[in-house]
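K.L.:
The structure under discussion is supplied below as structure tokens; questions concerning it will follow.
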Amino acid sequence: MNKIEGHVIGTDLKIGIVVSRFNDFITSKLLSGAEDTLLRHGVKADDIDVAWVPGAFEIPLIAKKMAETKKYDAVITLGTVIRGATSHYDYVCNEAAKGIAASSMSTGVPVIFGVLTTDTIEQAVERAGTKAGNKGAEAAAAAIEMANLTRSLQ
């Protein structure tokens with residue numbers, strides 16, 4: 001049986017990152033975690049492009065545009081949606097998730113879901129570099145692995 005898997009060596013990879021400005025006190029920490037992980041795994045700083053969008057709902061369009069250029073081996077999406085008193089949370093989370101997945105499927109470029117969907121600010125803070133690690137860093141590691149796995153299947 002042949003085993004096919006990616007590795008986490010980022011040398012020669014070009015990575016796009018789409019980050020939401022909404023809740024930037026969280027998303028900036030996710031971005032720092034992602035950038036640090038990419039650099040530690042060999043991606044050069046000049047090979048990382050960051051696009052800022054207003055909110056999580058706007059992430060899929062820019063992720064798809066970045067992926068369509070074929071300039072990037074993977075695109076990382078980072079955002080934070082925190083539940084409020086209305087159903088707005090559900091719409092934003094669902095559409096962001098669907099759009100991000102569709103971006104990957106329609107372009108063949110790994111588009112990694114790094115959007116936090118939490119009930120509280122505290123949960124978001126925990127996932128942006130405290131108790132629960134940094135989900136931006138995890139998304140970056142997944143991007144490297146998926147970029148390499150995708151390359152190996154071409």
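Keep in mind that glycine also has a Cβ here, set from the backbone N, Cα and C atoms.
Straight from Swiss-Prot, here's the annotation block:
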- PHE22, ALA56, PHE57, GLU58, THR80, VAL81, ILE82, PHE113: 5-amino-6-(D-ribitylamino)uracil binding site (BINDING)
- ALA85, THR86, ARG127: (2S)-2-hydroxy-3-oxobutyl phosphate binding site (BINDING)
- HIS88: active site, proton donor (ACT_SITE)
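A description of the local structural setting of each listed feature is requested, covering burial, neighbours and distances.
P.N.:
Within the same chain, residues at least 6 positions away in sequence whose Cβ sits under 8 Å from that of ILE82 (5-amino-6-(D-ribitylamino)uracil binding site) are ASN23, TYR89, THR118, ASP119, THR120, ILE121, ALA124.
Under the DSSP three-state reduction, ALA85 ((2S)-2-hydroxy-3-oxobutyl phosphate binding site) is assigned to coil, being neither helix nor strand.
All chains included, 12 other C-beta atoms sit within 10 angstroms of the C-beta of HIS88 (active site, proton donor).
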K.L.:
According to DSSP, does PHE22 (5-amino-6-(D-ribitylamino)uracil binding site) fall in a helix, a strand, or coil?
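P.N.:
DSSP call for PHE22 (5-amino-6-(D-ribitylamino)uracil binding site): coil, neither helix nor strand.
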K.L.:
Measuring Cα to Cα, tell me the gap between HIS88 (active site, proton donor) and VAL81 (5-amino-6-(D-ribitylamino)uracil binding site) in whole angstrom.
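P.N.:
With distance taken Cα to Cα, VAL81 (5-amino-6-(D-ribitylamino)uracil binding site) is 10 Å from HIS88 (active site, proton donor).
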K.L.:
Cα-Cα, whole number of Å: PHE22 (5-amino-6-(D-ribitylamino)uracil binding site) versus ARG127 ((2S)-2-hydroxy-3-oxobutyl phosphate binding site)?
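P.N.:
PHE22 (5-amino-6-(D-ribitylamino)uracil binding site) to ARG127 ((2S)-2-hydroxy-3-oxobutyl phosphate binding site), Cα-Cα distance: 16 Å.
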K.L.:
With 5-amino-6-(D-ribitylamino)uracil as the bound species and PHE22, ALA56, PHE57, GLU58, THR80, VAL81, ILE82, PHE113 as its recorded binding residues, calculate the greatest Cα-Cα distance and give it in Å as a whole number.
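P.N.:
The two farthest binding residues have Cα atoms 16 Å apart.
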K.L.:
In Å, rounded, how far does the Cα of ALA56 (5-amino-6-(D-ribitylamino)uracil binding site) sit from the Cα of ARG127 ((2S)-2-hydroxy-3-oxobutyl phosphate binding site)?
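P.N.:
ALA56 (5-amino-6-(D-ribitylamino)uracil binding site) and ARG127 ((2S)-2-hydroxy-3-oxobutyl phosphate binding site) have their Cα atoms 17 Å apart.
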